[in-house]
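Only one structure is covered here, and it is reproduced in the block below.
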């Protein structure tokens, strides 16, 4: 076996395995009493452009535990312990500070460039804080980046401020 076939095999396995993600709930139209499906269109979020030119969408509100899309909120970010073979991977959990009983929000990417101004040392120090028991307290917005990799869409937390 040569190195090219090993690379191809690794790529095929990577695309096939990825992160395990729960099956997405299909948006089936509501049915009327006689069994005829409703023809009302489902609401769609309008894509926006991110800093790197890839389209992003604000996440739809799934339950009361999440803030409204695009609104800034304060979160405590902790490492989830999940590691994946293919992106996107829910590496972090964001806990809304104002709703302590809420379920954590899986976050695939923590964007700290607005806070660290590009400093790798500061970024690494802040990422290390997600590993301790207290987590990293940030103010920021949640966005969804569609088609972020073989495992689907990614949730990005863009931090605008780090709180102590």
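Glycine residues also receive a Cβ, built from the backbone N, Cα and C atoms like all the rest.
Copied over from TrEMBL:
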type	residues	note
SIGNAL	1-24	signal peptide
REGION	18-73	region 'Disordered'
COMPBIAS	22-48	compositional bias 'Low complexity'
DOMAIN	68-156	domain 'DUF6748'
REGION	141-164	region 'Disordered'
Could you put numbers on the helix, strand and coil content of the domain 'DUF6748' (68-156), residue by residue per DSSP?
14 helix, 37 strand, 38 coil
Mind looking up the mean pLDDT for the domain 'DUF6748' (68-156) in the predicted model?
90
